[in-house]
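S.K.: Copying in the features that TrEMBL gives for the protein in this structure:
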- Gly66, Ala67, Gly68, Leu69, Met70, Gly71, Asp81, Glu146, Lys151, Ser173, Asn199, Lys336: NAD(+) binding site (BINDING)
- Ser97, Lys104, Ser173: CoA binding site (BINDING)
- 61-240: domain '3-hydroxyacyl-CoA dehydrogenase NAD binding' (DOMAIN)
- 247-344: domain '3-hydroxyacyl-CoA dehydrogenase C-terminal' (DOMAIN)
- His196: site 'Important for catalytic activity' (SITE)
Amino acid sequence: MASRSQFPAAIAAARLAQTTGHLTGSSSGSNLIRGNAHMASTDASLSSAGAPKMEFREIKNITCFGAGLMGAGIVQVTLCDITPQALENGLKIIRTSLGRIAKKAHPDSPEQQKSFVEGVVSTITTTTDAQEAVKQADLVVEAIVENLEVKRKLFSSLDIHASAHCIFATNTSSLSVTEIADSTSEGRRAAFGGLHFFNPVPQMKLVEVIRTSTTSDATNAALLDVCKRMQKTSVSCKDTPGQVYNFIVNRLLVPYMLEAVRMLERGDASAEDIDTAMKLGAGYPMGPIQLTDFVGLDTCQHIMTGWREKGALSPELVQPIKALEEKVKEGKLGRKTGEGFFKY
């Protein structure tokens with residue numbers, strides 16, 4: 001779920017840096033940049049059901065807009081945000097996550113750990129200049145605030161500066177990809193799709209690849225290939241214009257989490273017992289109340305409000321939850337603030 005302030009993540013940066021040639025002009029960390037540098041004219045299957053394979057343009061240079069915790073987890077090449085402080089925070093998140101990876105890979109060698117981290121970080125360029133950030137980009141991934149008009153404004157402004165072949169992708173978790181893409185030119189809409197990463201990005205293997213009615217076969221194939229090169233598992237999902245529940249995971253997961261919060265609010269059971277029941281009874285690795293904290297209470301409320309305003313779901317599924325609203329008003333947004341329904 002997209003948010004500017006969620007659990008830190010950056011393994012995607014390490015993995016694509018390891019498998020993609022010349023991400024930036026840097027020669028530092030060259031031991032990490034090896035292997036699949038020649039991706040031009042690579043065939044990628046569009047489905048597992050025998051669909052025809054499509055030829056697509058190689059993606060070498062990727063720009064990520066948004067240096068929040070989701071953006072820092074996705075970034076591969078150029079990280080762009082509106083302030084130097086935001087970029088500094090993003091790199092800090094990346095270094096921290098890479099440090100964890102390095103300790104596992106080289107437990108007995110602090111020098112190798114440092115070399116690993118610095119080698120990957122050296123492939124990442126940061127800037128506050130949006131026009132400059134997209135000049136050489138083959139793919140632009142947006143991971144900014146979950147607001148339709150803000151996203152539309154960003155993509156509209158980038159459209160005239162990015163090259164004609166550049167693919168645009170949004171990391172939105174609940175908004176219509178079609179409505180976001182409509183802010184760009186007709187030609188760009190063929191090169192527009194969704195890449196919905198999950199939080200925390202290093203641990204979560206899944207990426208939902210969202211295809212609109214105007215997304216070209218080559219664009220879809222290129223997005224699937226990028227996920228594969230990040231060592232992620234991708235699933236494909238259609239974007240349905242005028243609806244906001246066009247993702248597989250959120251459409252099923254959010255109502256589940258909200259009903260758990262309603263049970264807590266009614267006093268049906270404690271937060272601990274609700275979570276224990278679902279972990280031991282259904283085999284889930286995390287209970288719904290703790291999961292709500294990890295996603296972010298504000299994010300859950302935002303999605304619920306959007307669905308309610310659209311009238312997309314049954315009213316009882318998206319009615320306001322007082323317990324959730326009170327936590328958000330108090331700034332207790334979950335794990336990212338140290339307290340939600342649980343304390344961290």
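Just so it is clear, glycine is given a Cβ too, placed from its N, Cα and C backbone atoms.
No curator has checked TrEMBL annotations; they are predicted automatically.
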S.K.: In angstrom units, rounded to an integer, how far apart are the Cα atoms of Asn199 (NAD(+) binding site) and Lys104 (CoA binding site)?
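M.R.: For Asn199 (NAD(+) binding site) versus Lys104 (CoA binding site), the Cα atoms are 21 Å apart.
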S.K.: Would you measure the largest Cα separation among Ser97, Lys104, Ser173 for the CoA site and round it to whole Å?
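M.R.: Site span for CoA, by Cα atoms: 31 Å.
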S.K.: State the mean pLDDT for the domain '3-hydroxyacyl-CoA dehydrogenase C-terminal' (247-344).
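M.R.: PLDDT averaged over the stretch: 94.
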S.K.: If you count Cβ atoms within 10 Å of the Cβ of Asp81 (NAD(+) binding site), leaving out that atom itself, what do you get?
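M.R.: Step by step: centre on the Cβ of Asp81 (NAD(+) binding site), count other Cβ atoms within 10 Å, giving 26.
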S.K.: What is the number of other Cβ atoms found within 10 Å of the Cβ of Ser173 (CoA binding site)?
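M.R.: By my count, 24.
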S.K.: Using only C-alpha positions, which one of Gly66, Asp81, Lys151, His196 is spatially nearest Ser97 (CoA binding site)? These are the recorded positions in the record.
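M.R.: Its closest listed neighbour, by Cα, is Gly66.
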S.K.: Can you tell me how far the Cα of Asp81 (NAD(+) binding site) sits from the Cα of Lys104 (CoA binding site), in Å?
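M.R.: Distance between the two Cα atoms comes out at 31 Å.
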S.K.: Calculate the distance in Å between the alpha carbons (Cα) of His196 (site 'Important for catalytic activity') and Gly66 (NAD(+) binding site), and round it to a whole number.
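M.R.: Taking the Cα atoms only, His196 (site 'Important for catalytic activity') lies 14 Å from Gly66 (NAD(+) binding site).
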S.K.: How big is the Cα-to-Cα gap, in Å, between Lys151 (NAD(+) binding site) and Ser173 (CoA binding site)?
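M.R.: Checking the Cα atoms of Lys151 (NAD(+) binding site) and Ser173 (CoA binding site) gives a distance of 12 Å.
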S.K.: Would you mind reading off the Cα separation of Lys104 (CoA binding site) from Gly66 (NAD(+) binding site), to the nearest angstrom?
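M.R.: Distance between the two Cα atoms comes out at 28 Å.
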S.K.: When a 10 Å sphere is centred on the Cβ of Lys151 (NAD(+) binding site), how many other Cβ atoms does it contain?
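M.R.: I get 24 for this one.
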